[in-house]
């Protein structure tokens, strides 16, 4: 139980030991007696491949490994605690749900009323809560944990991080991400076929990525058919020397076709300038974005119409909801199993207020505050983005001054991190 996993494995030789997390897994001492356990599972936020697999493995893990029989499914997200019926979960009920997309428990955004949720947990006699959701959901889980602690209740709260965008910090990746990247290949391949089959064909594919471009970046690297990848972290401009339009013309003259992949959060500042954007938010507090895929497709069409130099055929594909509604692939199924079993082992050992996740290839228990303090984003001065630029041969759309500024900002963060004291997160 004293095994720890370091947050960073690549460090300078003079750096201190840094932050370590408890390694996940079964413990010699179990806090809860199986017959006393009354567990519940809730799924919140948007859909993601692998949700049903996680639900199945929590139920099977509790039953097969510890003999727990009382497990409830909370219907419809956080608000289901106080406004909907519960679903009794048995190994028979969840036996083949991993073959389906979505979640058998239903989900929703918002609806987080801490006092009502904890009242419901207390009234039902629940003593283990498994919360599956993204960064907003994990923030909600942290508040629930704090209220349970304030009341002195003997309840274990465990989070399983879920986000198709892969924007949760600390962990190597979130479940469903591999499946999303794999499914995105189908859309990119279709766009490539369309573009290649038409004179000066352009295929535009919009992928998920509100604040970060991990799906777009990894799908581009995996595809090899993409000529330009646009993500929220890397600003771009349309007109003028070194702009997107100039690059499109260059690629069409060289190859006769091109494929553009754009993350949904990319170029929002440009969209806001040309459209009257609103500051509306969804129930989770996320800003409602303009459709950058439709916008950039129209801009490209307008540019070539105005030039009247060459004919152009553009096809726009938006596979957003198709990608997140499918069942998880083999790789994600294995990962979901490990996450679920790690959460069960942690809760049964009496740990609480933690999220499970893979850190440097090892399953760990991470305090809620560590995964909610910031968002994971693509670092455009890092190696992976450089690899993408080498693969697509696209311009960076950044001047030397901007690159230097971003690099200096990153260096300052690293230097500030040197002074952090050695610490283990319990």
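Note that Cβ sites are derived from N, Cα and C of the backbone, with glycine treated the same way.
Lifted from TrEMBL, the feature list:
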ACT_SITE  165  active site, proton acceptor
BINDING   46, 109, 110, 134, 135, 136, 137  ATP binding site
BINDING   135  Mg(2+) binding site
BINDING   163, 164, 165, 208, 209, 210, 264, 321, 322, 323, 324  substrate binding site
DOMAIN    40-345  domain 'Phosphofructokinase'
SITE      136  site 'Important for substrate specificity'
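Counting only residues at least six positions away in the same chain, the Cβ atoms of 46, 47, 48, 49, 164, 176, 180, 208 sit under 8 Å from the Cβ of residue 324 (substrate binding site). Between the alpha carbons (Cα) of residue 209 (substrate binding site) and residue 134 (ATP binding site) lies a span of roughly 13 Å. Taking the Cβ of residue 135 (ATP binding site) as reference, residues of its chain lying under 8 Å away and at least six apart in sequence are, in sequence order, 161, 163, 167, 168, 371, 372, 375. Ranking the recorded positions 165, 264 by C-beta neighbours within 10 Å puts 165 at the top. Residue 165 (active site, proton acceptor) is 9 Å away from residue 134 (ATP binding site) when you measure Cα to Cα. Long-range Cβ proximity for residue 322 (substrate binding site), meaning a same-chain Cβ under 8 A and a gap of 6 or more residues, is found for 183, 187.
Over all protein chains present, the Cβ of residue 209 (substrate binding site) has 27 other Cβ atoms lying within 10 Å. In the predicted model, residues of the domain 'Phosphofructokinase' (40-345) average a pLDDT of 92. The Cβ neighbour count for residue 137 (ATP binding site), using a 10 Å radius and every protein chain shown, is 27. Sorted by the number of other CB atoms within 10 A, the binding-site residues 46, 134 start with 46, the lowest.
Recorded residues residue 264 (substrate binding site) and residue 109 (ATP binding site) have their alpha carbons 19 Å apart, per Cα-Cα distance.
Spanning the residues 46, 109, 110, 134, 135, 136, 137 that the record associates with binding ATP, the maximal Cα-Cα distance equals 13 Å. The 10 Å shell around the Cβ of residue 163 (substrate binding site) contains 28 further Cβ atoms across the protein chains shown.
Taking CA atoms as the reference points, residue 136 (ATP binding site) and residue 165 (active site, proton acceptor) are 13 Å apart.
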